[in-house]
């Protein structure tokens, strides 16, 4: 966990990936820092302080989800994104709202398990190598000493058998030591070995996921695990690949799942972040049965956000200290259309602004994972160096902004569509091009995009 970041440091980290939206960054930075502050309080006071949930308001593609996702990744907190429209009111067929908490715990278990695997990696690899040695130099089958009843009485061939076994053991030990040295030196990496691996089987209960049956809070497959032994199958792999498979199996054996579960539930309860997208779609005044159902979903979400206990296969999970971040465009509705009780549970309101041409320019070049850097890296694998002139980047940004204005505003996602269209021919012919360096100019951008961008009807379908 990295809860020690100051709010300013958190904003600086988010700036590496997200352009603008200072208010949203400040809100999540303060929320994260308050978790650190809360952890330093006396226990009686700590229990009284719950996180202040955040409501983000802004059009699609401006960074609502990315702010929350990067925030969670920054501190290593369990994080899930759910869509409010996927849930149904209790009594209807569909996912119940408690499933979001169960999904959060599953994510937390996966994170903790991965951390534990890293800790036991060296020991697991050592044991995997030992298994490889035994596979490469197998033990001979011991002769049974009970073939002849007379031998049991008089010890007929027992001494000679023991002598033979002893000699074989010495020879095998020498061979294994030799193989062990070769393995350590990496001389046997391409050797093919036959190993037994646990077969991954899909459960028939997977069909029940998403139908409301998961509300029982348990995994049927786990419950029946003791009655349904795991199947194994033989696989022929190179020593290099077999080592990975065996290391993973040994790591799973070395991990204490009780410890994993305990830590995972703690992290989900104290550090978990649930991002509820499209919350505006379940807001609205009651006018028909559909709206009544939407209000029912809001009322079902309310106790989860307020703080309650949710049954999971890992035990009961308290939601009192989970941070909820809700988001929506609110084009057809207003935050005040949410039921008053739910409004009160999201005291921090943040409005994200629409992206300007200047924002698009920055998005294209400034973040660590900037789009232009991605395309340059992809084409570099074909031996082609491409560069974009400043004027070309400005032209791309202007076209993206204009298409957003003329059609649906999908924010920064428009850049993905435009960049794909711009470099479509280049990407197709890259493996056949003999030029080592190509410069993208405003004229090239104009040639590829301007005609489409100016034709509103065409741009609706292509850009």
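Including glycine, each Cβ sits where the backbone N, Cα and C put it.
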Request  = Select one of 131, 181, 413: the residue that Swiss-Prot places in the ATP site alongside 19, 61, 62, 63, 64, 65, 66, 277, 341.
outcome  = 413
Query = Taking 19, 62 as the binding-site residues to compare, which has the smallest set of other Cβ atoms within 10 Å?
reply = 19
Ask   = Near residue 66 (ATP binding site), which residues of its own chain have a C-beta under 8 A away, given they sit six or more steps off in sequence?
value = 17, 18
Query = How many other Cβ atoms sit within 10 Å of the Cβ of residue 341 (ATP binding site)?
reply = 13
Query = Reduced to three states, what secondary structure does DSSP give residue 62 (ATP binding site)?
reply = coil
